[in-house]
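Only one structure is covered here, and it is reproduced in the block below.
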């Protein structure tokens with residue numbers, strides 16, 4: 001049995017960069033829920049205000065169920081309250097300073113409402129609170145994601161955790 005990890009966080013905090021690099025170095029499988037939804041058209045309408053499709057959470061869970069039961073998966077998405085708790089052994093929430101985040105999102109071409117709401121989401125730690133409310137507190141960890149060195153530190157920290165988890169669970 002292998003560990004499964006979840007990385008929620010506001011858009012622009014570096015989840016995808018971290019997830020892909022982690023998968024490449026650990027040999028675990030990487031799943032980006034946004035890409036999965038796009039490829040499988042796992043949507044339930046369109047949100048005009050935010051100019052984005054609305055995720056069909058039940059269909060996403062159904063789509064991922066088999067892979068997740070096999071284990072060894074890194075899941076990348078900005079929310080986490082609809083995933084079954086049993087899927088994850090650890091959850092990492094990335095946190096970015098607002099000025100850094102603002103610049104990243106502006107570069108992505110976010111409209112003013114989307115910019116403002118995502119910055120507020122980060123200020124109020126909405127996604128960290130969501131993770132704490134969805135999983136046991138001891139498996140939820142917040143990691144800084146402001147500068148390139150943070151990425152390397154986070155990867156090393158998570159790889160150490162994976163190594164320890166495998167050691168603890170291979171008897």
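Every residue, even glycine, has its Cβ placed from backbone N, Cα and C.
Unlike curated records, TrEMBL annotations are generated automatically.
Feature region 'LID', per TrEMBL, maps to range 107-117 of the set 85-95, 96-106, 107-117. Record note: among 8-31, 32-55, 32-55 is the stretch given as region 'NMPbind' by TrEMBL. Taking each of the binding-site residues 15, 108 in turn and counting other Cβ atoms within 10 Å of its Cβ gives the largest count for 15. For residue 16 (ATP binding site), the same-chain residues that are 6 or more apart in sequence and have a Cβ closer than 8 Å to its Cβ are 32, 76.
Remote same-chain partners of the region 'NMPbind' (32-55), defined as residues 6 or more beyond its termini with a Cβ less than 8 Å from a stretch Cβ, comprise 16, 19, 63-64, 75-77, 111, 113-114, 117.
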